[in-house]
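Feature annotation from TrEMBL assigns active site, proton acceptor to Asp671. Per TrEMBL, the feature Mg(2+) binding site maps to Tyr464, Asn676, Asp689. The ATP binding site annotation in TrEMBL covers 491-499, Lys519, 567-573, Arg675. Taken from TrEMBL, the feature compositional bias 'Basic and acidic residues' applies to 624-640, 841-851. The annotation compositional bias 'Polar residues' is assigned in TrEMBL to 852-861. Annotation comment: TrEMBL describes 105-199 as domain 'Ig-like'. Sequence annotations record features per position, and here TrEMBL assigns region 'Disordered' to 618-640, 841-861. Under the heading site 'Important for interaction with phosphotyrosine-binding proteins', TrEMBL lists Tyr816.
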Amino acid sequence: MVSFLLGTGGDVYNNTVIVQDEESDILLNCLPTIPSATPFTLRMADGSAPPPDLNFTVDPKQGIVIRAPRPSHSGDYICCVPGNAAQQHSSVYQITIRKKVRVPPAVSVEVDECVRVIGEKLQLTCNATNPDHSFIIKWQHSNNQALLVDKTVKRSSDMVQMMSVLTLPQVNKSNSGNLTCITKNTAGNKTATVFLRITEKPYVSLKPLKPRGSNPTVELMEGETLDLRVEIDAYPTIQDGRWSTPPATNTSNYVETLSTIHRSYRQVASLSIKRIKAHERGWYSFNAQGANINATTHFKVHVYQKPSVMIEWRNGSLTCLASGYPALTIYWQQCEKINNICDRNTSSVELQYEQYTLQQHDEFQSHTVQSVLLTRLSNTTVKCEAKNIAGVGWCTISLPPLLYVSQPPPDVWTSQMFLTIITATSVIATMLFILLGVCVYRCKQTPKYEIRWKIIEVSDGNNYTYIDPTQLPYNPKWEFPRDRLTFGQVLGSGAFGKVVEATALGLEKDDHITQVAVKMLKSSALSEEKEALMCELKILSHLGSHANIVNLLGACTHGGPVLLITEFCSHGDLLNFLRRKAPLFINSVFHTHEFSNIYKNLTRNLTERHDQINSYMDMQPGQRSRDCTRGENSGGERDPSALNIDHLLRFSAHVAQGMNFLASKNCIHRDVAARNILVSDSLVAKICDFGLARDIMNDSNYVVRGNARLPVKWMSPESIFECLYTVQSDVWSYGVLLWEIFSLGRSPYPDVVVDARFYKMIRCGYHMSQPEFAPAEMYKIMKMCWNLEPTSRPTFNRIVQMIRTLLPENSEQQEYKNIQQELQQKFDSINCVTVKINETHRDKTPEEQRPLTHSNNYQLY
């Protein structure tokens, strides 16, 4: 019978524990007592076969050698003789294969450099991770100083983390240098180093980064971006850092930042000015304040400006004045006869001239050069060109032919006749000049089309910058084939353009027809109007869509005139909608039999008044809107299509939501009024700018002020007197819009002429009293909007929240019933007033005829 002996001979095996590294051979010295007996092999302790990928060799004289085992081969093994009935085998080998560590431990420190004042305490933490505990971590100083270290070990599911904290209770000069954290295992070592600087006292040091150097000089062109950066090396960290700029710098147009460099105690201060102007050149400084220490660095900024050129008549000679930065040179050129273009590509000659530079007060002031043309010329075109490194500027002037009059014979021309001719010529010339001046003045007074909406780039109180809409990008995704548009009736027409109802094929889906409104210019439009319409397209695409904005759906900018495709609002503008629905609103309240006669008088009077005052033809309602008015009944029953207080509250909320959206996009409307609000088929109010299709020359709501026509009665005091338009000025106009809504379309400040007295009233704080149909809560909002201090007016977000509490689904039912009851009481109180007005309305103006509200009183708060 075969049995197994110990490799050293003698005893029977006991269980043997073997721990070996991955890929290291293992010798199981299980030797059979009879080497020439049946070959033996390796099995699992439970008798099963070993893993198929386990590689081993059997040697009766040496034992079993397992070649390059892996961690998956860990287990209990035995040596045995196969097929032996007695199943002779060795004792169990408990084999554990450790995974081979192939990379050094990971190591990290929090910073790469640090500073301490002599006597201060220093603590640095080093973190290291390794798959097992077989690694070390230690700190080492560059001058081999002994270091005090505290270690902490943590074990996670698959890694061992060791944290070593180095402590120097009181640093001194000898501690300055590199402190290195070293970790090591069988695969190698890794290090992380912290540079420690020891200083005798706190300090602040500034180093210009962009541009570099001591008191560096920056040169850039007007319109480019100025970018200044300073590295701050300070201990302790500075308490305050500020930039100083030239007095003329627009502080609302620049951005300051202060950030810490990654893994360092140092900081970087930066100043960025977009689209820098020529007058903003000069000295820029950064001042850092530390612990009783200040430091300052300076930048000399030169902003190069292309020359501006002007030609004047002085003492019978042509004088050219050119201004630019830096120094510039003037050249004169003469072209043949009268030409619109005079350059070096045409036949031209250089002329003789005298040139001298006017005195500069400082090095940053623009250079001004004056040049006098020495040659007397006629019937030609002269060009003055100024050039510097920033570019070229020029100005041209056409000189008419000189008139030479020969001396007539004494017997033909007398001195009296000659004097008569001279006098007549002078009178005719004077009249022509006067006529020319009148034509120029009228041309300048003619209003040009422009979109009232403005986008603010930077806003800081009353300091703000408008974005030039021509610089906004236009995304070609808005393009729509113009051959898929089918035009219908004209919805509105004005001095500059019109809005036409249309259908668009494939706007939403390939075969789907969408009803839209198309805005376009008239064929007589000038280039300024065409550019303004393109700016409106860019602004609408920039803003994006919103439920309470008349959204852009597409555009046609190629192959014909520019077309703006927008949502179609079937009920037209809110002003005319309120006036058409006023009888239904009255009916919704006067629905009882006792008020039936009063209601009949009101509706008859309102119909007559509507025919006389309907001057707003901006957006005519669609067919569905016209059909709605046919549902009015003269009986006592309530009309399901009637307008009620709920609708007025919802219109107010819709407009506030739309204006809140515009405010979030830094957009100022500048003409918030009921005429610029459209009503969709689902009675949703949407904000628009309908100035294109409005004849403001004949619209009494637009008053001449300066060389512009402005909606003065809707404008805030700061807009009227300071030409200042902000989101807060839109809030004022929104308050006037609320008055329009709750007076059912009356013109604000009725019976008040826009004159010096009106402006005095506005400046002194007068405003309109509560409309008859306005709940007390809504009138409170109006008065908040009319606060003389712009910053004290509510935001549109706040207005939305206040109105929502009044809507029935968002407030307690009792509160909503109180509003309805308050409105009913107001109708009861105007019973006798209505009868009186109806008796006398035929002798009054259309606004005075209206029986819906009392004459307005003006109150001062």
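Including glycine, each Cβ sits where the backbone N, Cα and C put it.
Since we're looking at a predicted model, the values are computed, not measured.
The DSSP secondary structure for Asn676 (Mg(2+) binding site) is helix. Scoring each of the binding-site residues (Gly494, Gly497, Gly572) by how many neighbouring Cβ atoms lie within 10 Å, the top position goes to Gly497. Checked against Gly572 (ATP binding site), the recorded positions Asp671, Asn676, Asp689 differ in C-alpha distance, with Asn676 being the nearest. A coil conformation is recorded for Asp689 (Mg(2+) binding site) in the three-state DSSP classification, outside any helix or strand. On the backbone, the CA of Asp689 (Mg(2+) binding site) and the CA of Leu491 (ATP binding site) stand 14 Å apart. Under DSSP, the residues of the domain 'Ig-like' (105-199) split into helix, strand and coil as follows: 3 helix, 62 strand, 30 coil. Listed recorded positions: Asp671, Asp689; maximum Cβ neighbour count within 10 Å falls on Asp671.
On the backbone, the CA of Asp671 (active site, proton acceptor) and the CA of Cys569 (ATP binding site) stand 19 Å apart. When the Cα atoms are compared, Gly494 (ATP binding site) and Asn676 (Mg(2+) binding site) turn out to be 14 Å apart. Reduced to three states, the DSSP call for Gly497 (ATP binding site) is strand. The number of other CB atoms found within 10 A of the CB of Cys569 (ATP binding site), across every protein chain shown, is 25.
Residue environment of Lys519 (ATP binding site) contains 26 other Cβ atoms, counted within 10 Å of its Cβ in all protein chains.
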